[in-house]
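What follows is one structure encoded as structure tokens, with my remarks underneath.
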Amino acid sequence: MAEAAAAGASGETMAALVAAEGSLGPAGWSAGRSFSNYRPFEPQTLGFSPSWRLTSFSGMKGUGCKVPQETLLKLLEGLTRPALQPPLTSGLVGGQEETVQEGGLSTRPGPGSAFPSLSIGMDSCVIPLRHGGLSLVQTTDFFYPLVEDPYMMGRIACANVLSDLYAMGITECDNMLMLLSVSQSMSEKEREKVTPLMIKGFRDAAEEGGTAVTGGQTVVNPWIIIGGVATVVCQQNEFIMPDSAVVGDVLVLTKPLGTQVAANAHQWLDNPEKWNKIKMVVSREEVELAYQEAMFNMATLNRTAAGLMHTFNAHAATDITGFGILGHSQNLAKQQKNEVSFVIHNLPIIAKMAAISKASGRFGLLQGTSAETSGGLLICLPREQAARFCSEIKSSKYGEGHQAWIVGIVEKGNRTARIIDKPRVIEVLPRGASAAAAAAPDNSNAASEPSS
């Protein structure tokens, strides 16, 4: 009975918060660059057959390539440091015990012990440096193509790498490296045409983020792979550790879900067997628009949201990628110093993607387990700040393309996360109807690069 009453109270709380948030609709394109003149990629502009597909050079897509979460936890047990080894921490930083996240491992000094204990945690590492009260924050990510446009694939890959820094409220990146694998199945012509476009997309996104690509590694491999490393040295007040959520906080999401569904559905347009399973719930035009919406969202940096985390006193955050919103919420909940749990009530989803997920019997979108690529930030904000954050991020002064929704609350609990049985689905309408029809400059040499 007590549990039911608590659930009811949570529902009322969410209704009030959503009412305070105001408009739930999308608000345009990405900051720094406009996608309004984007023209859908056509392989013919590169001298390829109309049936040419970038995604044919890999067997998996985007962040869907991640090792399943439970399997990953077991594999990473091998990184646990033996008790006799010296600790990774360097003592106290700013009068507080420093939390170190090493390659997705959270390290905190164990109770009653001089040595840190290890647990699976977040994606960035935060390493206190020996001098000057500075910390090294570093992250790496790579994946396989999930869109057909090589230039946009490069942008998405870079945005995805930077997102781990942004999830910690870091807005500046000192350096990036690019990791690139060129498919050995490609012809020489394909390599010469496609590879420079992917590199240009990656570089342009890095420059939009105020950083530069200074090196990396390029190899030949059966599948195309693209990603990189992002590094920054910063003071403690420049980042927000993801461990300070408190009861009463509100969960805010800054990009809609459904990117992986949209990417797969777009490929199913050429696969009659799979298309027949979903054609009763979605039209070809709706799939094309959803795919374009997903692509633009994935290519949008989370940098503005990272800056606003400081303005509105965020307590913790993570980015939503390969483990879906539920998996990443659970990871974030495990990091919390306080005894709290996250409860998700609302799921902003690209229009029609929930219907496709149901009709296909795949993805688990409504269950929160569908992989996302270069997804939004899930941020724990003080309740009184959440609606203001959602309003502020849509301001034209940050450029176009940013949006946010209140999706859940932080309750007293045991560091877990869950989605309620019947979450409210917020259908996010694609913004690309006019963009798809707009005339774009000649892209025969630059593929479908967005305009500046």
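The count begins at 1 with the first shown residue.
Even glycines carry a Cβ here, placed using N, Cα and C.
Feature list (source: Swiss-Prot):
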- Unk63: active site (ACT_SITE)
- Lys66, Gly121, Met122, Asp123, Asp141, Asp164, Gly215, Gly216, Gln217, Thr218: ATP binding site (BINDING)
- Asp123, Asp164, Asp319: Mg(2+) binding site (BINDING)
- Ser49: phosphoserine (MOD_RES)
- Lys66: site 'Important for catalytic activity' (SITE)
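Feature annotations (Swiss-Prot) mapped to structure.
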{"residue": "Ser49", "record": "phosphoserine", "DSSP (3 states)": "coil"}
{"residue": "Asp141", "record": "ATP binding site", "DSSP (3 states)": "strand"}
{"residue": "Asp164", "record": "Mg(2+) binding site", "DSSP (3 states)": "helix"}
{"residue": "Gly215", "record": "ATP binding site", "DSSP (3 states)": "strand"}
{"residue": "Asp319", "record": "Mg(2+) binding site", "DSSP (3 states)": "strand"}
Worksheet item: Of all the recorded positions given, Ser49, Gln217, which residue's CB has the most CB neighbours within 10 A?
Response: Gln217
Worksheet, complete the sentence: Listed recorded positions Ser49, Asp164, Asp319; those within 10 A of Asp141 (ATP binding site), CA to CA, turn out to be Asp164
Item to complete: Please report how many Å separate the Cα atom of Asp319 (Mg(2+) binding site) from that of the residue listed as 'phosphoserine', as a whole number.
Response: 37
Item to complete: Work through the binding-site residues one by one (Asp164, Gly215, Gln217) and name whichever has its CA nearest to the CA of Ser49 (phosphoserine).
Response: Gln217
Worksheet item: Across all protein chains in the structure, which of the binding-site residues Asp141, Asp164, Asp319 has the highest Cβ count within 10 Å?
Response: Asp319
Discussion item. Can you give me the Cα-Cα distance between Asp164 (Mg(2+) binding site) and Gln217 (ATP binding site) in Å, rounded to a whole number?
Written reply: 20
Worksheet item: Far apart in sequence but close in space: which same-chain residues, 6 or more away, have a Cβ under 8 Å from Gly215 (ATP binding site)?
Response: Leu177, Met178
